[in-house]
Structure formats: C-alpha cells, structure tokens
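J.: Here's a structure for you.
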Amino acid sequence: MEVKNKIILALDVPSMEKAVELMDKVSPYLDTVKIGYPLVLAEGLESVSRVKEEYDCKVICDFKVADIPATNQKIADVTFQAGADAIIVHGFVGADSATSCLESANQHGKEIFLLTEMSHPGASRFLQPVSMDIASMGVEMGITNYVGPSTRLDRLGKIRQIIGKDSFLISPGVGVQGGNPKDTLEFADALIIGRSIYLAPDPVEILESIIDSIEL
Ligand code: XMP
C-alpha cells in the first residue's frame, strides 16, 4: 500500500460532521485514513463509504477483529462490502481466525493488516510475550501487512526483522502516546496518527510540522 506523506490519519472523531470538518482541512496532505469503532459505532459503516467517496482516499478499518473464524469472515465481508480497502485483524486469536479474514480480503481484492503488539502500556502484560510469535505466524501465512508499536522501537525493530524488509508495517502510538515520527520510520513504512492532529487547535499546522520533521 502506498501512503502519501507516510501518515495515516486515525479518524477517531465522534460524528460525520466532525469527520468532514477535519477532512476538509487535512485531506490535501493525506490519501489514507484509518476508521475505527468511534466513528463507525456513531455513524455506521456508511461513514467508511462516505469518507472514501468524498475524499478519494484509501480507508483502513481498525476493527481489531478477534473472533472465531466464521464470525471473523462475516465481519470482514461486510467491512469490505462497505468499501474498506483493508481491515486490521488481531493475531493472538490464531491462524484460523486470521485466515478467514485473509480469505475474505482475497475474495474482495482487498488487504488485511495483522496486529502484532499494541502501543499502550497494558499491552506489555498479555500481548508482548506473544507478539513476535504473532509476527512469525503472519509470515508463515503469507501476510504482507502488519501493525506494530511506535512506543517501543526496540520491539518494532524486532518485528521488522521477523516480517522482512518487503512487508508493509504501519505504526500507531506517535505523538500523544509518546512515539517519535522520524525514529519510528526507521522501522515502519507509515505512521498512524490521531489525537495529535484532530485535537490540535490547527490540525494543518501540526500535520505540516510532522511532515517537515519526517523529511529532515
Ligand atoms: P492516537 O490518538 O494515539 O491514535 O494517535 C492512535 C490510533 O491507533 C489506534 N491504535 C492502535 N491500533 N494497534 C492498532 O491496530 C495498536 O497497537 C494501536 N495503538 C493505537 C488507536 O485506536 C487510535 O485509532
């Protein structure tokens, strides 16, 4: 996946009205948006189609899919039918659950991202002990897109080693959670950034400053 300016906006706003207000300002700088439960539970899956159509961008649905294979497949199918270009899938539930999402993606000509380790402090207790195994499982399955934490660069580097240089790695945790954009891009192909942009008094100013800092 190509990501303009290496930044994926996490569109975690509570309404389409807020989404449009933000996207009208920042869309010239972006071509990839991540939409998760905050917007979809408020406005429905239609928000995915609307953002795609109105802003001509790619949408990654961050549903962190983590159910049995049959249910995962239904979730992935309906997400792709709404127009999503990719869906984020948890790896800890096992290869069979992730495979059902991968099969759905292949049927729809779309992609999945396998979530290895999460970026928040609580991930260290349950997810961290298995995150490298999850990355290895993804490689065995032939998955080429991954999510890893910008808040623990040593671990992001290990994930990169496991998935190889040709896999596509996107990384949340930049900004409010403490991750540094430029340092993260030593290992990741693109950054996921939410609050630093949508809570800023001037989202365009902050976005421009992040882009400048990456290019330095
Ligand atoms: P902030 O506001 O912290 O938003 O810039 C980060 C966005 O990324 C999501 N997030 C994650 N998604 N694996 C994921 O798949 C993670 O480890 C992870 N950590 C944060 C978060 O929900 C928000 O949309």
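Here the Cβ of each residue, glycine as well, is placed from N, Cα and C on the backbone.
Below are the features I grabbed from TrEMBL:
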- 6-210: domain 'Orotidine 5'-phosphate decarboxylase' (DOMAIN)
- Asp12, Lys34, 62-71, Ser119, 172-182, 194-195: substrate binding site (BINDING)
- Asp62: active site, for OMPdecase activity (ACT_SITE)
- Lys64: active site, for OMPdecase activity (ACT_SITE)
- Lys64: active site, proton donor (ACT_SITE)
- Asp67: active site, for OMPdecase activity (ACT_SITE)
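Describe each of these features in terms of where it is and what it packs against.
T.: When secondary structure is read from DSSP and collapsed to three states, Ile68 (substrate binding site) falls in the coil class. Counting only same-chain residues at least 6 apart in sequence, those with a Cβ under 8 Å from the Cβ of Ile68 (substrate binding site) are Ser97.
The Cβ of Asp62 (active site, for OMPdecase activity) has 26 other Cβ atoms within 10 Å, all protein chains considered.
There are 15 other Cβ atoms within 10 Å of the Cβ belonging to Lys64 (substrate binding site).
For Asp67 (active site, for OMPdecase activity), the Cβ neighbour count at a 10 Å cut-off comes to 15, with all displayed protein chains included.
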J.: In which DSSP state, out of helix, strand and coil, do we find Gly175 (substrate binding site)?
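T.: Where Gly175 (substrate binding site) sits, the three-state DSSP reduction gives coil.
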J.: Round to a whole number and give the Cα-to-Cα distance in Å for the pair Gly175 (substrate binding site) and Asp62 (active site, for OMPdecase activity).
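T.: With distance taken Cα to Cα, Asp62 (active site, for OMPdecase activity) is 19 Å from Gly175 (substrate binding site).
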J.: Please report how many Å separate the Cα atom of Gly194 (substrate binding site) from that of Asp62 (active site, for OMPdecase activity), as a whole number.
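T.: Cα of Gly194 (substrate binding site) to Cα of Asp62 (active site, for OMPdecase activity) measures 12 Å after rounding.
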J.: Which residues, sitting 6 or more apart from Ser119 (substrate binding site) on the same chain, put a CB under 8 Å from its CB?
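T.: Listed in sequence order, they are Pro149, Ser150, Thr151, Arg152, Ser171, Pro172, Gly173, Gln177, Gly179.
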J.: If one measures from the C-alpha of Asp67 (active site, for OMPdecase activity) to the C-alpha of Asp12 (substrate binding site), what distance in angstrom results, rounded to a whole number?
T.: 23
J.: When you measure from each Cβ to the nearest atom of ligand 1, which of the recorded positions Asp67, Ile68, Gly179 fall under 6 angstroms?
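T.: Passing the 6 Å Cβ check against ligand 1: none.
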